[in-house]
Amino acid sequence: MKAQKFSKASLLDDEDDYSTQLDRILARRKKSQKEDSGDLDTISFGSLSKAQARLQTEERESKKKVKKVKKPKVLKKQEEDFQPPSDISDDGEFFEEPSQDHQSRTSDRHSKEEPRSKSKHAPSESSAKKRVSKVREIPGLLNGSGSSSLYQDVRFDTAFGKADLQKARENYKFLDEYREKEITELNKILQDDMTEQLLSEREINTIKYKIQSLKSRVDTLKNRDLENEIVRDYKRNHKNFFLKNSDKRKLVQKAKFDSMKPSQREKVIERKRKRQLGREFKQLEFNQK
């Protein structure tokens, strides 16, 4: 085999051919670029914006179609088990809200995990991590409001049983005299002509309110004493007969009517009559409807 001989002239000719080919390719590219730029110059801005909007709508529709495509159950379970970080979405976009399907899936999962509501008769539960207090709260022993206060009165403590109201009334009956004295003194202050000049309207109203509260307190205590006395007398006469609350109410009303003055009795009867008429009118209106 003879080795091929290349002359200097043949090599130069090849280089010239190669350079001419390159020049032609570059010239063609420049021509095509000029034509493209000329076409873009002729297109209006409105048509460009329309084309852009159309492309965006097409992209959205394609994304929706991709979402609507049902995946097999195995893939679904794998996706549910694997949760991507909160900053990156399924499409790889940053800081986007999760899709509605993902939210519905998570809400269903949470609803399944939620425990059922316990019965009110179930035993009370407490955390094992929380330390048990040395002073235990026993229901019925501690007062609701008095337990947190600084000072406690032993006489009214529930730990020593229920308070005997009759015994307390007998022990503190002397307070009625003080109450009546206070009412008379306050009435004198109001009747005085100098009170309007010396006292403000607010102070006068507070005195009136105090008189009213003291009077109502005295009246309630007197009514309670009367009820207890009537029940005591009835039990003394009828030992083997149990007194019902309705019978007790009737006996108390009768005793009150007997102790009333005729003018007071008329007022009470008139008030009851008006109340009864109001009830009847309400009943008529209800029946008409």
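Positions of Cβ are set from backbone N, Cα and C atoms, glycine also.
The following features are taken from Swiss-Prot:
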type     : residues : note
REGION   : 27-149   : region 'Disordered'
COMPBIAS : 63-75    : compositional bias 'Basic residues'
COMPBIAS : 88-98    : compositional bias 'Acidic residues'
COMPBIAS : 99-117   : compositional bias 'Basic and acidic residues'
COMPBIAS : 140-149  : compositional bias 'Low complexity'
COILED   : 162-224  : coiled coil
REGION   : 253-272  : region 'Disordered'
COMPBIAS : 253-269  : compositional bias 'Basic and acidic residues'
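Among residues of the same chain six or more beyond the compositional bias 'Basic and acidic residues' (253-269), those with a C-beta under 8 A of the stretch's C-beta atoms are 226, 230. Helix, strand and coil counts from DSSP across the region 'Disordered' (253-272) read 18 helix, 0 strand, 2 coil. For the coiled coil (162-224), the mean pLDDT of the prediction comes to 90.
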